[in-house]
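A quick write-up on the structure given underneath.
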Amino acid sequence: MGTLLILLVLTLFLAAILTGGYNKEFLLRARQTKVWDWLTTVDHKKIGIMYFLSGFFFLLIGGLEAIFMRLQLAVPNNDLFTGDIFNQLLTMHGTTMIFLAAMPMIFGLINVIMPLQIGARDVAFPFLNSLGFWLFFWGGILLNLSWFFGGAPNAGWTSYTSLALNSYSPGLGVDYYVLGLQITGIGSLMSGINFIATIINMRTPGMTFLRMPMFTWTSFVTSALLVFAMPPLTVALLLLMFDRVFGAAIFDHAMGGSSVIWQHLFWIFGHPEVYIVILPAFGIMSEIISTFSKKRLFGYTSMVFATVLIGFLGFMVWVHHMFTVGLGPMSNSIFAVATMAIAVPTGIKVFNWLFTMWGGEIHFKTPMLWAVGFVPTFVIGGMTGVMLSVPPADYQYQDSYFVVAHFHYVLVGGTAFALFAGAYYWWPKMFGKMLSEKLGKWHFWLFFIGFHMTFFPQHFLGLFGMPRRVFTYQANHGLELLNLISSIGVIGMTLGTIFFMVAVVQAARSKELAPADPWDGRTLEWSIPSPVPEYNFAQLPLVRGADAFWLEKQAGNKEMTPAEPLGSIHMPSGSYIPMLMSLGLFVAGYGFVVKSWIIGAIGIAFTFIMMYIRSFEQDFGYHIEPEEINGSAKAKEVKA
Amino acid sequence: MASHIHPTDRPTKPGHLEKATLEGKNKVMGFWLFLGAETVLFACLFGTYLALRNSTMGGPTTQELYDLKLVGLATFFLLTSSLTSVLAMNAMNRLNVRAMQFWLGVTVLLGLAFLILEIYEFVHYVHEGHTFTSSAFGSSFYALVGTHGAHVTFGICWIIGLMIQTARRGLTYEMAPKLFLSSLYWHFIDVVWVFIFTLVYLLGKVG
Amino acid sequence: MSQNTNQNTTNTTSHKQEGAGKHILAFIVMIALTAVSFYLVMNNVVPKNMILPFLLILAAVQVFLQLFIFMHLNQKGSSYYTVFMIAGILIAVISGAGIMLM
């Protein structure tokens, strides 16, 4: 059914292009609409906003799946979502939250903010940036289509073989997982490359490496992790696709394969992935704590050093996810020591945040509330992490709710808190409107209390022996009360998120524009108007030290000193190709899922044709002239 | 930071044209990062192959299967194509478009010769009972060597595309970084092949 | 930007001759290294359990030549790529060995 539909749409589409059988005027009008503008944009701010909003959309889906699971587990012997449906829920919850919510929302913030913080007019590869977004988007859609066509993946977000092989997971679920993630994964690799090239090549004069804001530094290290951590995932998914779709035998014991290889490949990717989502969170918190304490970040250099060290060590510890596989005491010990070592740079960071606040003039605005709530929450998650890094103890904790509690303290208490904090902090820069302080505080307190209510009891559930990923439990084992409390906590998180959405709608409808520098900020993004003009900086700023904008304000200047005369600004032009190129891969992915080689071949051929078109087209963008820049600046002043 | 050279300009002085513009510098930087990622990708495939190369499930073993003379010839083709590719880049930086096109053409032909040998080799193996689905050894072998072959194929298509573009537009500041990247890619394919003939074929022959 | 181009383009003729000669020499060395490793294996020169380090060293030298002579990793302003390539190779070796040894 779905196959026919896709074929039909594609033939119509191709027929329209080849015969020229479309209305030229209609196309012209379509090109002038706002929708077309957003679909074809290569502007890093718009792409960032699309990343953030679609990430938030997937966050809601993943949250809904979590609510369903907690409903099922609220009372013993419940039969609301049992068996396979529960497996699908837990798999999709994990996969969605990591790949389709946390990573895109982080990419969104990096995309919007990082180029502004280093004083760049755009990222190094605007086209690639757009392509990365569309690959993520279509991959996410493909993954979620599984709910409607053929059943969602049900082998856990880690999709361990042999469970994930055809013999134990028949049906299309895991195929959707493999191909959906493959497509988003390519996009993530591109984003990583793009961010690194941007940070190295596009910094404004005077912005040396050790003057870069902390968020830019963490983005840099995260991007390096992306570049080196995505390929193992690509290989893992490729090999699993070979096994499931093309009958290969790499993970199949009966044919001489080994399922441990999957675990290695997955965790060589999987552990750096944890740092990919947590390091930018550290960066966001560093910016916020420094801004709202009115002090420069304590121990900036040690912070940079700690970030790089965490990134490096992140590749040396993957076996701590595999302590119980039986690799032997030698490798377990080595990886245990390396894991414990990571606590040192992380500790440096925590103390630096505390010392930044110490003696500062602290303003408890909403972003700062999130940051203050983040520090103790994350420390709890970190400490349970050190507990888990001891192999003999890990034999007891593994596969229990203790592990679930640990990684939710790190991922929600770390990444999700930081994303909300970053949203409140940078919303004026992204959209030109302030989010309500009042609703924001409600959001924080409801979410914070709800979060601890949900996940703190899970430590004890795990210690009492409740296994993770099992859809029910028996009464009279001492698990009822804590499970019920845990489920009630979800109400707090849900309400909090609803308050956030209300605040977003309120801000979108309000006519009041945000000032350029609402928080008395320290870094370059606050030196330009909100929302940011498409060329970012009319004149590139000259940076004279760390916290560049703060320095200028201390020296009595209202604006940055320009590093260049006002001149015409080169801008890249938009392109519809990234969207179509990714659409081709989406179609191919769908073809491989339903084992229709024709659709698969059509999709891939379509992508390659798009690549050739892109390679052959000559498009050198356009220029914005100084008169236009002055004109729009004056128009702004009149309005204000 | 805006570059003062228009991309369609034709360079008049020889030199490292690929980094003459900011776009070119960005591209070279980004491409090296991509090659770093590719290194890890191939390392994972190598690890998988080396872990599974003895799981032949009764099929032919590495020692029975591999023919070093064929591999030696393929290696010679690919190594030589790496040299012609670098000669093409030398010609480009001397602004000698005709020589560049000639050397690129030779590179493509050598790549094709390599690919034909590889296809011949695969067909031969399938007849011997060493297929993608016959054992874990078969799967991991074709996954590794096949991925390399796919890279060669892509490289050939890429270089042909760039030759057509150069023929149409001449050597411009826009073309130079593109040509340079395709050359980097081609050398990288050769680097991977060095490890394939070492760790797959030679080590397989030793046992 | 234009400054940059001028810097690199002072001497046309020497650039040409030096480049091609260096590359052909590197190519000959690479062919020789390949021939040596094939010879070692085909004639069982080195004992079986000792062959791997020999082959790996020969391959490493060749790759070094490719990276620095053919791919110009030693050019001015290449230190960023070099750092990233070294990081990539390090991670690649660790991951590959990890999977291989299981």
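Our numbering is plain: 1 for the first residue shown, then up by one each step along the chain.
In case you wondered, yes, glycine gets a Cβ from its N, Cα and C as well.
Summarising the annotation, TrEMBL assigns domain 'Heme-copper oxidase subunit III family profile' to B:29-205.
Annotation comment: TrEMBL describes B:29-50 (among others) as transmembrane segment.
Residues 99-100, 102-104, 106-107, 110-111, 113-114, 117-118, 120-121, 152, 179-180, 183, 186-187, 189-190, 193, 197, 201 of the same chain lie 6+ residues outside the transmembrane segment (B:70-90) yet bring a C-beta within less than 8 angstroms of a C-beta in it. Taken from TrEMBL, the feature transmembrane segment covers B:70-90 (among others).
The transmembrane segment annotation in TrEMBL covers B:102-120 (among others).
Sequence-remote contacts of a segment are chain residues at least 6 beyond its ends whose Cβ falls under 8 Å from one of its Cβ atoms, and for the transmembrane segment (B:140-164) they are 42, 45-46, 48-49, 51-53, 78, 101, 104-105, 107-108, 111-112, 114-115, 118, 122, 130, 132, 175, 178-179, 182, 185-186, 189, 192-193, 196, 200. Taken from TrEMBL, the feature transmembrane segment applies to B:140-164 (among others).
The transmembrane segment annotation in TrEMBL covers B:184-204 (among others).
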Predicted model, mean pLDDT over the domain 'Heme-copper oxidase subunit III family profile' (B:29-205):
94
Give the nonlocal contacts of the transmembrane segment (B:29-50) in its own chain as ranges (CB under 8 Å, at least six residues past its ends).
140-141, 143-144, 147-148, 181, 184-185, 188, 192, 195, 199-200
